[in-house]
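Accompanying notes for the structure given below.
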Amino acid sequence: EAGEECDCGAPANPCCDAATCKLRPGAQCAEGLCCDQCRFMKEGTVCHRARGDDVDDYCNGISAGCPRNPFH
């Protein structure tokens, strides 16, 4: 939702302050396929394995989401 940096619904999330819906100090992310222990995963880390004719998707090191490989 507008103004939220993370989902307030899970008070057990160590990356998110459930009272403010903001990331805790030092956290880069709270969830996502490329978020590990509140930090963005390293660029080149596989976040979605290829199936069939598909190709692997990789973390970009600057976001928590798993961007689709442009060669799909």
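Every residue, even glycine, has its Cβ placed from backbone N, Cα and C.
Swiss-Prot lists a disulfide bond between Cys35 and one candidate from Cys29, Cys47; that candidate is Cys29.
Partner cysteine of Cys15, as given in Swiss-Prot, is Cys38 (from among Cys6, Cys34, Cys38, Cys47, disulfide bond). Around Cys35 (disulfide bond), a 10 Å sphere centred on its CB holds 21 further CB atoms from the protein chains shown. Break the domain 'Disintegrin' (1-72) down by DSSP state and the numbers are 0 helix, 13 strand, 59 coil. The disulfide-bonded residues shown are Cys8, Cys16, Cys21, Cys35, Cys38; of these, the one with its CA atom nearest the CA of Cys47 (disulfide bond) is Cys35. Ranked by CA distance from Cys59 (disulfide bond), the disulfide-bonded residues Cys16, Cys21, Cys35 have Cys35 at the top as the closest. The disulfide-bonded residues shown are Cys6, Cys8, Cys15, Cys16, Cys21; of these, the one with its CA atom nearest the CA of Cys35 (disulfide bond) is Cys15.
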